[in-house]
Amino acid sequence: MRFTAAAAGFGFLLLSLTVVQAQSDWGVTYTSNQICAVEGSTVEISCTFRYPDRVNGRVTVVQKSAWFTRTTGNEPVDLSTDSEYAGRVKNNCNKNSCSLRITDLRKTDSAKYKFVFITNQPGGRFIGSPGVTLSVTDLEVQVSKSHPISYPSWAKLTCHSSCHLPVNPSYIWFNKGLKTQQDKASFEQYFDWSDSYSCAVKGFEQFPSPSVCVKDESCYRVTYTHRSICAFRGSSVDISCSYYSYYKVKSKFWFRSDRRHHKDSQYSGRVQVSHTETGRSTLTITDLRETDSAQYHFTFRTRDFEWTNRLPGTTLTVTDVQVQVINVTVHLSYTKAELKCHSSCSPAGSRSYVWFKNGEKNRTEQTSIYSDNFYPGDTVYCAFKGHETHRSPSVYPSDLPSVSVSPSGDIVEGSSVTLTCRTHANPAAKHTLYKGNQSLPLDPGGIYHFTSISSEDRGTYYCKSEAQNSTSVFIDVQYPPKVPSVSVSPSAEIVEGSSVTLTCSSDSNPAANYTWYKENEDSPKASGQIFTITDFRPEHSGNYYCEAQNTIGRQNSTLLLTLVTGKWKIPVALSIAAVVLALTLVFLLLWIRREKSVQQHSEVEETSHPRRQQEDEVQYASVQFKRRQPDALYCNFLPAQRGQDQEGERPQDEVDGVQTSREKRSQAAMEDPFVLYSTVRKVR
């Protein structure tokens, strides 16, 4: 499997609908399926992908991945090789996720973007469908007048885009180049004849709409022909604009943010300003240098007005074409090399490249990638088609340094590994070995030796010879799984009937396969990193352990799951607590009443006969708490007998009856200290 090379502001709207295209264990998931972005801004398209760890016992390895918008002969065209995207795209992949970043968006970038990855498995190519639809829009100020005759100066302005921007975005409005207070997508008011309005989305002020006159065409305005220009070092460029002023222009000139060209020695003899027609100005810069890269503005002055430059002008990028080494394989008599024609930007309309080998044009290869066999003395250079006069410096592929690794097979942690830097250059060049930005010492033969390689040595290595860099080699150190980390969700108490999820993870290379076991059971409970018990029962309680295994070794880790007695435990505990609290309050109330009763009883014994006459209205009650039955309460009410004549004296037997009752109560109190007495008086 191979990819076909191309012949040829951040996104604002992210619809959260997840799109997944899968075949069994293969799949691609895009973060969003539609993106709307403003022309000139930057957008990032991302996805995650998955594949089986093994197929028929063979470990799966991703060999290549790419983003594409079109195919040639059913083969995806890698965007990184497309001249239309030269210097504007960057792929960033990390394990099972990849993102595509596109800068300086153009309307021609509007397309459906898809991700593809290729593995070492037979037929192991997978394309994620349906992909992500990118819509690139420019902003436009629309003017509408509801009463053009009655109120000619009243109008409504709307900042319009061809695709849907996020809900309620904030806007920036400019009038005659100056920022206003308006922040809505539309507004209406009275306008002056000189007003010219432009709009932008807040945060993306560098990408505004063109300025338009609100009342008539006599307003002040400046409109640049190009927002950005890519030009080659040593070439010439024209930067132009149109402008309008109702009053006579007294002065006009071009400048960049920190200098004026006609006063800057850097541009001496290289700058010319021409006015080919009324209201049009062109700045020409010859013999371009990389230091000429900047943003250029035009301004003019009248008697009482000066065009300010809060709005962006034209951005110039000066680039040079270079040949980059992608891959080099050194043989006895020749070198097989894969080269790439690279630049930081691409000229407008450039859709293909031109390659030259030993001064002769290669008429079959028109992509940014060129592979061939090269012999000592062979030279190669490239250029954009139509710009052959601005070619890259020549490269001698057979003299390029290369790096090789031994042994060439799988590298296991603890084994011995040797890296060798070499070149066919004559005389022999001095080499330096690098891992990232860190240089490593080489012996005189250009050899670096790992006596016992470890997982920390895993990484990308390359050699450097004089000013030439070799292709890089990636050392993939394989090691067995580390002790797995296990977790349970939810982390609180596990109750019967709930759902429990166990998760296992381990650092290993190659990736580990996971199996779940329950202690004292031979057969596995589940496979994979996640094990879910949907309806937890008492029989599920116990020790579970996760085993992580790859081709190098295995490790396991144990997790204990314990079932709480039931869901009713907390409600019952709360009910018991409530009952105890209620009983305590009752006991406290009765105890307070008993204290009052005892006090009153003492007063009855000590009072004179008139006091006793009042006792015919007193009734007594005793409350006894039986010790043998602590959960029951009994009350004995002993009412005093009432005489038939309420005005006369009480019969003696009634008094005796009351005294007898008192004696009984006293005796009961002596037998049971928990007896409580209370008095009840009749209201007269």
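Every residue gets a Cβ built from N, Cα and C, even glycine.
Given the structure is predicted, the values throughout are model-derived calculations rather than measurements.
Annotation source TrEMBL lists signal peptide at 1-22.
Each residue of the domain 'Ig-like' (130-201) gets a DSSP state, and the totals for helix, strand and coil are 0 helix, 36 strand, 36 coil. The domain 'Ig-like' feature in TrEMBL is assigned to 130-201 (among others).
Sequence annotations record features per position, and here TrEMBL assigns domain 'Ig-like' to 210-296 (among others). Within the model, the domain 'Ig-like' (210-296) carries an average pLDDT of 86.
Taken from TrEMBL, the feature domain 'Ig-like' covers 401-474 (among others).
Taken from TrEMBL, the feature domain 'Ig-like' covers 481-562 (among others). Helix, strand and coil content of the domain 'Ig-like' (481-562), in residues and according to DSSP, is 3 helix, 42 strand, 37 coil.
Taken from TrEMBL, the feature transmembrane segment covers 572-592.
Residues annotated as region 'Disordered' in TrEMBL: 640-670.
What TrEMBL lists as compositional bias 'Basic and acidic residues' is 644-653.
As a summary of secondary structure, the domain 'Ig-like' (210-296) carries 9 helix, 43 strand, 35 coil according to DSSP. When DSSP labels each residue, the domain 'Ig-like' (401-474) comes out as 3 helix, 39 strand, 32 coil, counted as helix, strand and coil in that order.
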